[in-house]
Amino acid sequence: MAHLELLLVENFKSWRGRQVIGPFRRFTCIIGPNGSGKSNVMDALSFVMGEKIANLRVKNIQELIHGAHIGKPISSSASVKIIYVEESGEEKTFARIIRGGCSEFRFNDNLVSRSVYIAELEKIGIIVKAQNCLVFQGTVESISVKKPKERTQFFEEISTSGELIGEYEEKKRKLQKAEEDAQFNFNKKKNIAAERRQAKLEKEEAERYQSLLEELKMNKIQLQLFQLYHNEKKIHLLNTKLEHVNRDLSVKRESLSHHENIVKARKKEHGMLTRQLQQTEKELKSVETLLNQKRPQYIKAKENTSHHLKKLDVAKKSIKDSEKQCSKQEDDIKALETELADLDAAWRSFEKQIEEEILHKKRDIELEASQLDRYKELKEQVRKKVATMTQQLEKLQWEQKTDEERLAFEKRRHGEVQGNLKQIKEQIEDHKKRIEKLEEYTKTCMDCLKEKKQQEETLVDEIEKTKSRMSEVNEELNLIRSELQNAGIDTHEGKRQQKRAEVLEHLKRLYPDSVFGRLFDLCHPIHKKYQLAVTKVFGRFITAIVVASEKVAKDCIRFLKEERAEPETFLALDYLDIKPINERLRELKGCKMVIDVIKTQFPQLKKVIQFVCGNGLVCETMEEARHIALSGPERQKTVALDGTLFLKSGVISGGSSDLKYKARCWDEKELKNLRDRRSQKIQELKGLMKTLRKETDLKQIQTLIQGTQTRLKYSQNELEMIKKKHLVAFYQEQSQLQSELLNIESQCIMLSEGIKERQRRIKEFQEKIDKVEDDIFQHFCEEIGVENIREFENKHVKRQQEIDQKRLEFEKQKTRLNVQLEYSRSHLKKKLNKINTLKETIQKGSEDIDHLKKAEENCLQTVNELMAKQQQLKDIRVTQNSSAEKVQTQIEEERKKFLAVDREVGKLQKEVVSIQTSLEQKRLEKHNLLLDCKVQDIEIILLSGSLDDIIEVEMGTEAESTQATIDIYEKEEAFEIDYSSLKEDLKALQSDQEIEAHLRLLLQQVASQEDILLKTAAPNLRALENLKTVRDKFQESTDAFEASRKEARLCRQEFEQVKKRRYDLFTQCFEHVSISIDQIYKKLCRNNSAQAFLSPENPEEPYLEGISYNCVAPGKRFMPMDNLSGGEKCVAALALLFAVHSFRPAPFFVLDEVDAALDNTNIGKVSSYIKEQTQDQFQMIVISLKEEFYSRADALIGIYPEYDDCMFSRVLTLDLSQYPDTEGQESSKRHGESR
């Protein structure tokens, strides 16, 4: 098997001197520390295989010499040489030598050119451009992240289809150009064919055109004779009818004058009555104003009186309550005085009883001196013997006395608290009743207040709206008056203007659809600055009356003559000779056409404006107007904003004060609207004033609301005071008293129980003491004859103590009663003082109420007097209004009669005007028909007169124009026409319907023929010559089209050939790789479940779009390449590299650190695959840093660095074939089991 044997390098990069690297085995790994020069082996192989210098990590070729990178090249030359051994054993050498700044190539030690050198490399399977035997460091990682388009480019390099890109693009560009030329020639041929058809049609149309002209001429003669014949008949009938109507009209005019005089007299009487009514209304308004002032004063006085009366009632009620309380207080004082008198009587009775007892004691036992001494001695013995018990007894008695006094005090307090509690309950009941009354009164006030508030809101809203509207109306009215005053026209119009306005109104009534109005009323300038200029251009036509037709204009002129009114200018829409607009004038700078600065709401009026203004131009200044009028190739009619007019003839007409006066007519046309609006606003203002008078009612309601609110406030304050202060205080006091009462009762119970218990103990101690006394005083008692010593002592000692105690109790009770009596009397005195104060207040309030009632009565009297006067004036107004309405009714009746006669006169005038209009219309029709015959050269025969005498009516002054027209019509009446050529059936027609129907038929025939002639283009005299020219051009275009189509077919064939070659080269490579990559990926992964597949984005031309590459790792679901791990991406990239290598296999394959991104598992898989493939497929040389990988190789080449001035590389070799590959055997065994 062919293989790379040795690599000989000399002074190349890190290799100093001549170094031999090899021999290389089927699977050789190059190892060494980082920076030792391993990758320089890869660069040496690339260099010797013809790689470009730019791809060898240097800028120029001399940097490849050892030491050049530090500026100390060891030699001026360097070389790299490989020894390649064929399967037959034949050796081939390839060498590349650096000499100076270039390199030379040697094959088998013979100097050859680069192309020969590359060809020899391709013979052994090494393609330099595709780099099919070298995989540089990082290439594997870059392959895994290539974009589909980049992957396509990679395949084009491998398949060599990329060499055809230039030729492919060139052929494609030529094909597109040829197809475009063919399409262009085809379109040209089609257009010339259409021209040929058109030329044929022109020839046929020229022949038809002449026959149509002859037929049209005969029909026009018949039409004109028919119209002239029946026109003359109609003129004769109208003259007869006009004489009858004029006689009836003169009779009706006399009746109209009579009724007009009656109406004027009635109007004068109505004016006098109206003035009287206005004076009455003025007085009534004054009275109502005064009444509106007095009525609130009366209401206020009434409310004040009512308020004081209520205060007086409250005071009286307070006196009544205070007197009731005083009466009760007096009863309590009497009870206390009675109790005090009873106590004094009992005390006196007790003292009297004591005196009797003292007299009785003098008769009782009395001891001798010896016995008394012995008593004292025995008593001292007893005292000493019972001293302890006596002390305890005295203590108990003192405590007992204290508790008894406390019990008596608590019982007194109990009685007092019960009395106070009863009084508090009564006061609470009184306040509750007061609360009920106040709540009821408050509710009544609130209901009344709510009702009045609603009325107030309604009135306020109505009055505010009225005031707002009055303000708006007054502003509008002031604005209208200001506009009228500014215009200087807020005065009565002159009789002349009024007469002209009445005449115009009369004409509008006679011809409502035909008389439009004066020209300045129907249009206006778009801005005020153009008013003078437009007025100047309009000239005498500014006050002209615009009518629909010439017939109406003539009827109006006849009416003016009959009414002896001032002459008027009429502009008939159907009679105006309008010149076309020169559109080029609109493009001139510094000016505008006059017709463009005039605005109108009537579309039909544009013809009139165009007739009056022509092609006139308006300019900002006089200089601009002069320049535009005189400086151009043609003179123009121009006008400046100040009214200066430049005519084409060179005449200059300046603006004047008279022109400014005339220009005011643009504002005068708004007068009628302004006056109408002023009348409407005045009437509306009167209605609003009536509504505004409701302010009096509003003030009354507001006064009532204010009084009610005040009363409600006082009531609510009192209610709140009672609820939140008085009643709460009473409830708190009641609660305190009840609590105090419970405390007193519980205290009394506790004291009673304590007294009972202590009394028992006192009794026990007393019995013990008594027994001791009895023992000691036994003999003494027997001597004095008493049962025991206590009997003696009670009679003489204890009785005195009881008397003293009783006196003390009497004293205490008397003191208590005196204190209570003094307090009650003091309280009663305060109540009486309060009652006296309230009585004084009542007396003063009564006096104030008397004064207030008098003021109220005075106000009421004034209001009643004003109301009576108001009613009197209203009655007068009703009477005056009735009289005015009666006279107005009479005026209306007379006016109806006047209008009825006026309508009859108008009807007759309208009929006269209508007949005259019809007559003038018929004369005009005859004139126009004769004029048409002359102008259109229609050959009718005249028995008298000549068509040459027919002239067009010229526009001069109105009087001149009317007289000229009459002269022309009289002259034309003398013409006698020969109707012998007119068909008899057309002469025999009588009714207007039949005449109109036949006229329409004749007109349709002529119009149809004219329409055909109009639609038919004038014949082309050169149609035959054009037809021949077009035929020659058609033949030329046909020849050009065939030639371009042939050229396009040839370009298509050439392009398809290149496309097929490129497609075949690319597809051959792609199909081989896409088939083999799946098996290679399975072998690399050591698992048949792994999948790898390639798919083109453009199956028809895959080299134009991208190529997708996807792998499914064992045990994982499908996911995009970007989502695979680093090791999986590396394995997938290696599979692609090995698959591409299998398409164009090189004899050896050099890889630079392809295992960098692989983990130990994937390293084992990749190394096993490489081991298998190197047995019989290709030679593999790998630069590796991982022991798991290079331990599987057949031989190792070690690269290590040495240093002096610069680093240089050394090489070691080791044959591993003598060492068994146990790991590889185990891996193969596991792989076999997994299968």
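Glycine is treated like the rest: Cβ placed from N, Cα and C.
As given in Swiss-Prot:
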- Gly32, Pro33, Asn34, Gly35, Ser36, Gly37, Lys38, Ser39: ATP binding site (BINDING)
- 156-490: coiled coil (COILED)
- 666-934: coiled coil (COILED)
- 970-994: coiled coil (COILED)
- 1022-1049: coiled coil (COILED)
- 514-629: domain 'SMC hinge' (DOMAIN)
- Lys648: N6-acetyllysine (MOD_RES)
- Lys713: N6-acetyllysine (MOD_RES)
- Lys1033: N6-acetyllysine (MOD_RES)
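Features as recorded by Swiss-Prot, highlighted on the structure.
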residue : record           : DSSP class
Gly32   : ATP binding site : coil
Gly37   : ATP binding site : coil
Lys648  : N6-acetyllysine  : coil
Lys713  : N6-acetyllysine  : helix
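For Ser36 (ATP binding site), the nearest of the modified residues Lys648, Lys713, Lys1033 in terms of C-alpha separation is Lys1033. Taken as a whole, the coiled coil (666-934) shows an average pLDDT of 80 in this prediction. The shortest Cα-Cα distance from Gly32 (ATP binding site) to any of the modified residues (Lys648, Lys713, Lys1033) is found for Lys1033. The shortest Cα-Cα distance from Asn34 (ATP binding site) to any of the modified residues (Lys648, Lys713, Lys1033) is found for Lys1033. If you take the Cα of Pro33 (ATP binding site) and the Cα of Lys1033 (N6-acetyllysine), they are about 85 angstrom apart, rounded to a whole number. Looking at Lys38, Lys648, Lys713, Lys1033, the recorded positions in this record, the fewest other C-beta atoms within 10 angstroms of the C-beta turn up around Lys713. In this structure, the C-alpha atom of Lys1033 (N6-acetyllysine) lies 80 angstrom from that of Gly37 (ATP binding site). Same-chain neighbours of the ATP site beyond Gly32, Pro33, Asn34, Gly35, Ser36, Gly37, Lys38, Ser39, judged by a C-beta within 8 angstroms of the site's C-beta center, are, in sequence order, Ile1199, Pro1201, Ser1209. If you check the binding-site residues Gly35, Gly37, Lys38, Ser39 against Lys713 (N6-acetyllysine), none has a Cα inside 10 Å of its Cα. Of the recorded residues, Lys648 (N6-acetyllysine) and Ser39 (ATP binding site) place their C-alpha atoms 101 Å from one another. The least crowded of the binding-site residues Gly32, Pro33, judged by other CB atoms within 10 A of its own CB, is Pro33. Within the group of binding-site residues (Gly35, Gly37), the Cβ with the highest number of other Cβ atoms inside 10 Å belongs to Gly37. Around Asn34 (ATP binding site), taking its Cβ as the centre, 8 other Cβ atoms fall within 10 Å, counting all chains.
Here the domain 'SMC hinge' (514-629) has, by DSSP, the following mix of helix, strand and coil residues: 62 helix, 22 strand, 32 coil. Around Ser39 (ATP binding site), the C-beta neighbours below 8 angstroms that are at least 6 residues distant in the chain are Gln137, Asp1152, Ile1183.
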